[in-house]
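To keep things clear, I will list the structure first and then write my remarks on it.
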Amino acid sequence: MWRSVSLSLLVALALGSEVSQPPDVVTLEWTELELQENFSDISAVIGNARRMILAAQFECYLKIIHDPPWSEGGNYCNRTWDGWMCWGDSAPGTAMQMCPTYFQDFDPGEKVTKVCNPDGQWFHHPESNRVWSNYTQCQVHTKDRVKVAISLYYLAVVGHCLSIVSLIISLIIFSYLKSLSCQRISLHKNTFLSFILNSIVTIMFLSVSAVINENTTSSNSVSCKILAALTQYTSTSNYFWMLCEGIYLHTLIIVAVFVEEQQLFWYYILGWGFPIIPATTYAVARWLYFDDKCWISPHTHLVYIIHGPIQVALVVNLFFLLNIIRVLITKLKETHCTESTAYMKAVRATLILIPLLGVQFILMPWRPEGCIGYVYDFFNNIFSHFQGLMVAIIFCFCNSEAQTALQRKWVQWKSAWGKTGFGETPATNNHFNYHTNSSIAETSRATVNLEHAAPAQLSEPQENSHALSVMRQEDSGEAGSCGQNDALDKVDTTGI
């Protein structure tokens, strides 16, 4: 670093070109106290923006030295460095470049202009009488962008807080109701826990980022970078637990139709263990190659260390979802009208899995430019920060299985106090419990009746036969046993 800085300053002195910062913008002053405290680490003094400027300045001077001279004839303005950007030899007129990315309040989509006069001299500002580049357009929309950023910040905090509360309630319900204990619910609880951890860490990181953006002298502590790495880990873990849900569903319905219980150990390894690899790799790479303040800046290709595995998980989940829908639609075309209603309901129920599997994030993976970009930001924040709330509502609060178990617990509790609220006796409540538990037999009978009604289809592949059985059970409208009806409840957790 010292060598490149010294070399750039020597070249600047030798060329005698513009090296001062533009007079029309506020300069970043080094205070004597900062120099004394951070003299041993120049990167801590100048920050990421100054390091980028020095790197651009050094490249500009090399370009000025090695580029061939102007050969088109006539008057022209000499190549120069204006303090922030490099300008080559220009014919009379207005030269333009995109705004630099040194500062957060600069919009890279806007343009910087520099006027070359007909006499071959760069335009001088009338007030300062110095060569001037027009950077005003870079900040023309700064206030609007700040307002949008503040709105998105509060939207994120509200969404994550609501997600945390709803998911904690869901975990309590699933843990308290022992009748819901099964592999599918165990996966749900781990997925919910990953949402909770991700929301908590994200709120903390957003708050720290807001403080750092407002206070440019805030410390670049190790704890802040650990929080940034932890944010990447919880985010990756969250997406990989969505992948675990997709793998479990696909295996249960498509691959292993009548297989016994799956080994959840490998799901725990994939959901909690594997994300450690990209998160650790990202932290080490960031520390070595892009060690900015608190690792906030997204303007680095190192983010693909995290985004790459996440995109793979989302694409795999999309494949699982489409394959499940393919099987259901195939049976829809082969069955009679009565069964068609059940399959249409099954397709709707499968589409509800989208928030759980996270496949909505690959519909528009890149942010569009212009006004559409702000619309994209709004909906992307809704999906990202309120996803935990949507998952809790769909897969717990609207789960007919959980509702039935809660009703049974509520009646049992009221019976223990000698009240039912309906003038009934505890004996009547026992009948209610028996009726609820007997729904397993009713669902099984419905399945058997369907299979007898279509004997010609029993010779078809097992995946279609099992899918038909699962969807017919769903049409019975009863909350079956968690262990015996995993496939049904996984597809139709809302009783649709």
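From the backbone N, Cα and C atoms, a Cβ is placed for every residue, glycine too.
What TrEMBL says about this protein:
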- 487-496: compositional bias 'Basic and acidic residues' (COMPBIAS)
- 59-142: domain 'G-protein coupled receptors family 2 profile 1' (DOMAIN)
- 152-399: domain 'G-protein coupled receptors family 2 profile 2' (DOMAIN)
- 455-496: region 'Disordered' (REGION)
- 1-16: signal peptide (SIGNAL)
- 152-174: transmembrane segment (TRANSMEM)
- 195-212: transmembrane segment (TRANSMEM)
- 239-259: transmembrane segment (TRANSMEM)
- 266-289: transmembrane segment (TRANSMEM)
- 301-325: transmembrane segment (TRANSMEM)
- 346-366: transmembrane segment (TRANSMEM)
- 378-398: transmembrane segment (TRANSMEM)
CB contact flag for the transmembrane segment (152-174) and the transmembrane segment (239-259), at least three pairs under 8 A: no
Tally of residues which DSSP labels helix, strand or coil - the domain 'G-protein coupled receptors family 2 profile 1' (59-142): 13 helix, 22 strand, 49 coil
Per-region confidence, the domain 'G-protein coupled receptors family 2 profile 1' (59-142) (mean pLDDT, whole number): 89
